[in-house]
Amino acid sequence: MPNLQQTASQSQHHLHPHHLRPQQQQQQHHHHHQQQQQQQHTHHQQQQQHHSDFPLPDGWDIAKDFDGKTYYIDHINKKTTWLDPRDCYTKPQTFEDCVGDELPMGWEESYDPNIGPYYINHLAQSTQLEDPRQEWKTVQEQMLSDYLSAAQDQLENKREMFDVKQQRLLWAQEEYNHLKLAASRSSLCSSSSSMSRHDPELLRADLMLARERVHQLKQELTHITNDISYTERGMNTLYSVGEKINARENGCYDIAEVHAIREEMLKVHKSLVSGEKVREELMRSLVQIKNELGRQQISEENSDLASPFDRVCVASQTDLCGSSGENLNGGARFAEMAKTKWQYAEWRKHIKKLQQQLADHVERIEPGQLESDKDRILLIQEKEKLLNDLNSISLKSRSEEEKRVIHQTRHKLEEDLKEAYEANNTCVANRLRFHEEKQLLLDKLQEALKSTKLLEERLKSFSSESTFSISSGSSLGSLSTASSKSALSFTDIYIDPFAVDSPIDVVDLRRRSQRLFQQHQQQRLHPVHPVLQQQQSAEVTLSPRSSLSMETPPASPMKYNAGADQTPQALKEEPTYANALPAPPAYTAPPPVPISGVRARPYDLDSTVLDCMMLEAKLQKLNMGTPLNLAVAPLSPISEKPSLLDLPQEMLSRSSSTSNTRSVSAAVSNESVAGDSGVFEASRAHLPRKELAQVQIGLKYLKQEGVLVVSLERANNLLALWTASADNSQVYLRAALLPNSLTSIRTKALGDFQKPVFNDTFAVPITLDKLLTKSLQVTVVTMTGQKEEIIGTVQISMAEFNPEDSTLKWYNVLSSKFIPSFESLDIPSTSAAAAAAAVAASNAPNPGNNREESSDESTITSSQTSTLTRNQAPCMELQEQMAAELLGLGPLNEPECSDDDDDDEEEELDDKQLVSDVGLMNSSSMLHAYLQNMKQEFADKETNTDRAYLPEKSRGQSQLMDDRPVKRSQTFTPSEAFSKNRYNCRLNRSDSDSAMHCGVAPHTFQRGAAERRSLRFHSKAPKSVTKLHHTHIPRTSLDLELDLQAQHSKLYFLNDQIAKLQNLKEVLQKACENKDPLVAAWAIENEEFQRLVARADPAKCPEERQLQKLLMKTAKEIHKLRKTKVPKGCPDLVSFKEKITFFTRKGLSVPELPSEFTLPEANPIEEEEEEEDENEFYNSAETAIAINTALVASSNRNKNLSEHPHRATSGAVPKIPAPVVTPAATPAATPAATPAATSAATPAATPVVSPAAQPDAKPADAPIPVASNDAEQQRFDYVVDRNYGVEV
């Protein structure tokens, strides 16, 4: 026994890796596996506890490595291993015997902080990324094979379209040569007997049209060739990926290769970032050159005309923009801010809803199917055009052989078209309908993002003008990239606006499909949505000659009938605030130029615009449940200038544009907003005045007396506001000047609701300067017995009132049902004399109330805002009520996905900060309750700390009320009497303490803080780093290889784009220096070039650029929302399909200058060129035979594709043959990159093993040195391998 122990001890000492491993190898080995030691150690400890009931077999022993990791010694075979020999008794032997999440004997799961979980096969001495228990890898391979089969059919469609287009080009060239020959001969022996053929002018015009047609067909042929090259390259990449994965053992990468691929992807990503900067700089240079060419062309045409690139004064349109908050006192600004916060919260909720709808919609759409449907429809159209071209050929001068060939070609085309028409295309129509619905949701989302950004900027402007704080960053505006320490996400690789071409016009495509396939069902289909009828010109059309996507000028909203044009489904949808914007998407598509020009700063809008957005949206939300006409719903109360048709003749010469137009009006109509924005000229012709509730009000100011005369004349159709019975009810009008109105004036009560005539005049003493800062609020009140109810309101801005004139206008009344709640008016009604006396008393000085608050001058100065607003503070009960409503709303930002990136955490924190700072308040209830309950003591007094307390004898009565203590800043004067025991006065020295609303959490006052704003600007809490984002979605080697090849493809096309942009820049610079008119005309008229430079136009307003970033971020959020629906541990099929379709999508195309702008001009008069022209004339018979042969060959190659759109192939798919493309018509696919572009966009060679490196996928063939370690290594009999546990 001692000998055995000694032998075991010696053997253990001999086999211990700490003594056998060289020092260098030991350190390298320890560093390589240091990250997984703890987890594997825990695993083996659990294994020891689990195997404690079973003894070790004979000849086995347990030892620990220098780092504490347990391994096992087989003394019989003289080997060491990580596997416990007792696993054969406790673990299943095969995967079929496993239950739940068990792994069979010899398998181990480990975790790497960079690549996540991976698996070790100790028996086969290998590691792999895939989970061996899941069959996701097999599903991926089958999906890849199916897609390659479908992509092969799509490629055949493109090639057949190329053949048909080439045949059309041949016929067009033949027609052009016929016309040239006829024009050059200029004799009666022409090929046609028509006398019009002999007119030189007509011949010249026909020749011009034929030349343009040939040029256009060549351009279309170039586009198709580029599409074929993009598709072929993508399919070749997918084939190479599949072959590379299948060539490996088990189709899996080991961990070392995964690390190498990951490092290579990060390096390529850095190259992409630097290359994108180079591309952006080139595009900005192209914009400058294009503008210079435009100036040169305009100066050549007419030097007297002003350049359109000069600055245009829009002072008349932006006169409303000024800082409206400057003329608003604290109370009105507080109310305006609360309304804006409420709107912002509602918009955020609506955006979340749209994102969820888009995430649900994407699941019903097959990735890449839209491109296939487009190719199929365009192929049929090309055949139709070729058939029309053949039918238009005159056969009189043709030989019999030519006639026979033409007839055969026509017959073949007719048969192909008949088969296409008779095919079942219901699926195509349904898919296009899904895409159209998706486009509609995207348009709604874009409008929602615009409105949200406008409100966000509005809130930031409030923050700069008041003491309320708002976070400097918002999730909607921040678009930080993922951390460089983490791997690239799906959205970083595959969601790139420059990686794919412009989106397809789905509406145009669906119209084509309806015309081709479903002409007999057009009446049963839903009409196209008005928004989609006016796609922007930035979207690419299906063909250069397509006229289906032409823009139409926007019409006036007053000419739009929603009930007639919108579908019932659209009418039943929940309306959004976007319907009330100046360019509402439900009414008319906003033109890009006027909006960007007028609204360069959306947060400078007047408060009336925001009120319109809220009130009009509430109007539609309450009335869109039933299919109502817009004419039935009353417009919002307006203070807009009436049309010239409403003004008397003596007032037509007066203009109100010079008056102060800063307004505090509650709302304006859609017409006034759109009219002010310059989109259209407001029209009165279609205003349904007879169905609106209106009030006629007269205003006149007497300067000598200092009195405003208000005349409440009559009303019209008040029954539109009163839903109950008008029997035993009366109505009267009540008016008050807001804010800080002591009194209100009221008319007599009448029983007529249809056309009541009041004829009541009141005099309100007020100075002119104060009058221009107020607004007149007129409310319509009904009385039924002792009960009074407000049924409508009108608010008129006195800023637009001209004191020199007397006005008498009709104003629309907003119904009270569109406002959440109205509090009863507690302001007593008085006569004009009483009002004058009250105003006079309020203007009297009161020196007894002037008390010095603090000797600190800085504190007094910084408290001016709160001091001026002390009389506008709402009562404490109202604040507590609003706080309770805030708590009831709950947070807006719900966690979307458990595996968000670090930047998403920051954005969520910004969202919470913004929401907490903004405070979600019920705007209408706060506004009206505050304005009606407010009581003014003094108008202009300094800091007041005195107040009237309830006498002690009234404590018994006050017990019935709320006994909660009232904590208020001493700089505020409470508007209600409280007991001294309930009132706690605090003298705050910070400039922001006294104005902080109840929605902001209190923070400790920091003495000596920067600018004494410790409560406004406080440091954000550090982000928690304890949360680990461990994804449970399986990731395979095929996913990793696809990601790597996608990065290489993006880099390849980026170098291609940079080279083309550099070439285009050089050519345009030379043309600009030489003042070449042809190149200048091409740069201005080419639509593709215009779309390209529009992406980087510095003249584009920052809001549009921010909107593009928001759309990009929203796409990522939609992807995350869709991922949350995938069950935990299940593969995401849609994401994988999007990965493989990424390779066959066409990237951003850069236009190339044509080598020849025009074909050689034909001279119809000179006959010296007759012989030369005859030599250029083609043999018509040979041309027709060649066309027929090519058509038959292409038809045989692509027969019955519509019946088998997704033909799956079993086994490996053969390599793609080369496309049948004419060399003369094929442009250079990969021009050499310029040295600057190559140095900026090509990644440096790195000494890493890259098993996924593709020679054809890299932009530059930089040699990558293979990592080799030829150093002398010592060999031992037994060395513990830390991965496999076998002898090395």
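First residue shown is number 1, and so on along the chain.
Every residue, even glycine, has its Cβ placed from backbone N, Cα and C.
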Could you check Swiss-Prot and say which of Ser463, Ser975, Ser992, Ser1210 is marked as phosphoserine?
Ser992
Listed range which Swiss-Prot flags as region 'Disordered', given the options 580-625, 672-717, 1040-1085, 1224-1269:
1224-1269
For which of the residue intervals 201-229, 230-258, 259-287, 491-519 does Swiss-Prot record coiled coil?
201-229
Segment confidence, the coiled coil (201-229), expressed as mean pLDDT:
86
According to DSSP, how is the domain 'WW 1' (54-87) divided among helix, strand and coil residues?
1 helix, 13 strand, 20 coil
Structural state census, the domain 'WW 2' (101-134) (DSSP three-state):
0 helix, 15 strand, 19 coil
